[in-house]
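Copied over from Swiss-Prot, here are the features:
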type     : residues      : note
DISULFID : CYS27-CYS83   : disulfide bond
DISULFID : CYS140-CYS200 : disulfide bond
DISULFID : CYS246-CYS304 : disulfide bond
DOMAIN   : 6-99          : domain 'Ig-like 1'
DOMAIN   : 117-216       : domain 'Ig-like 2'
DOMAIN   : 225-321       : domain 'Ig-like 3'
CARBOHYD : ASN176        : N-linked glycosylation site
REGION   : 1-98          : region 'CH1'
REGION   : 99-110        : region 'Hinge'
REGION   : 111-219       : region 'CH2'
REGION   : 220-326       : region 'CH3'
SITE     : TRP156        : site 'At or near the complement-binding site'
TRANSMEM : 347-367       : transmembrane segment
Amino acid sequence: ASTKGPSVFPLAPCSRSTSESTAALGCLVKDYFPEPVTVSWNSGALTSGVHTFPAVLQSSGLYSLSSVVTVPSSNFGTQTYTCNVDHKPSNTKVDKTVERKCCVECPPCPAPPVAGPSVFLFPPKPKDTLMISRTPEVTCVVVDVSHEDPEVQFNWYVDGVEVHNAKTKPREEQFNSTFRVVSVLTVVHQDWLNGKEYKCKVSNKGLPAPIEKTISKTKGQPREPQVYTLPPSREEMTKNQVSLTCLVKGFYPSDISVEWESNGQPENNYKTTPPMLDSDGSFFLYSKLTVDKSRWQQGNVFSCSVMHEALHNHYTQKSLSLSPELQLEESCAEAQDGELDGLWTTITIFITLFLLSVCYSATITFFKVKWIFSSVVDLKQTIVPDYRNMIRQGA
């Protein structure tokens, strides 16, 4: 880094309190290069209570340091305290007087203003539009309605024609001290399925202009869903609870209802994924029912019920139970596992016995060889002639 003179900032305590007997005044010397820099107070006349900290090299490659002087609180405000900085490498001299500046307390911040009411429009539930016995409803929800302007006016239109059969529910106060207002319009099943357009117009004094929201059934050619049920996996049968799966694929639009039942009674312990877009533009989903393994093994029948506008009578059902084929397969699998376990046990025992027999044979052979070798050595020592006596006799 090239030579650079420092920037100097005087630091004063920010308090009106006079309870403290002393006050700490500071001087920040920043962004200079190279070292050193000299800091004094009142041109060197003030030395008592002065503490200058070592310089610190910053990531920028420049240095900074600070100096603090402690003075009596009674003197601060009546006497002048000046920080004198001298940086000889850059020929920079700076004098800064520390002035008493008391902080003014800020008033409490007001609560952030609400931007104004927001409007949301929700379609009827798929099951409600597909069953004559149920009542489909389009719901218009207005949130963030202020106490100052609580009155909300709803106007409903079906294909551009205003209707007057909607019902507005009482206002509900929310945690943020605003109101939530809901208006519900009952619709005709076939009107919704035929793609009629529903519009909710909301007027409120907190709005610069009325807000309009429009909704209708998704446009496009309906496609019939294909439904497949899947039994629990073999690996899961070792647990106390098992999963039955229902795959629904190839349907359009995404409005669909999936439920489970057993012996005519609804099953509630199931989870269904949201419809997901497939590569061909249709939708698919999975639904998983969790049941006790004992119920499955007892042969109970579980049914996956699907409702969609493209189905005949808007309804289909696929059942699932432990069939003899599945039971036989599970039994065979268990038997096969048992046979494999028995086979591994047999192989382990055989290998163990084989190794023991090899060790035993090797030990016996070792001792036999040792005994034979010892016998041969003893025999040789017995039959060796005494050639020395024979030579003496010949002489």
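Numbering starts at 1 and runs along the chain as it is shown here.
Using N, Cα and C of the backbone, Cβ positions are placed for all residues, glycine too.
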### Summary
Averaging the pLDDT values of the region 'CH1' (1-98) gives 87
### Summary
Between the C-alpha atoms of CYS140 (disulfide bond) and CYS27 (disulfide bond), the distance in angstrom, to the nearest integer, is 63
### Task
Write out the long-range same-chain contacts of CYS27 (disulfide bond), meaning residues 6 or more apart in sequence whose Cβ is under 8 Å from its Cβ.
VAL8, PHE9, PRO10, LEU11, VAL39, TRP41, SER66, SER67, VAL68, CYS83, VAL85, LYS96, VAL98
### Task
Measure the Cβ-based neighbour count of CYS140 (disulfide bond), defined as the other Cβ atoms within 10 Å of its Cβ.
27
#### Entry: Pairwise CA distance, CYS304 (disulfide bond) versus TRP156 (site 'At or near the complement-binding site'), rounded so that it is a whole Å
37
### Summary
For CYS200 (disulfide bond), the nonlocal same-chain Cβ neighbours (under 8 Å, six or more residues apart) come out as VAL119, LEU121, VAL138, CYS140, PHE154, ASN155, TRP156, SER183, LEU185, GLU212, LYS213, THR214
### Task
Across all the protein chains here, work out how many other Cβ atoms are within 10 Å of the Cβ of the residue listed as 'N-linked glycosylation site'.
10
## Note on the structure
Rounded Cα distance, in Å, between the residue listed as 'N-linked glycosylation site' and CYS246 (disulfide bond) is 42
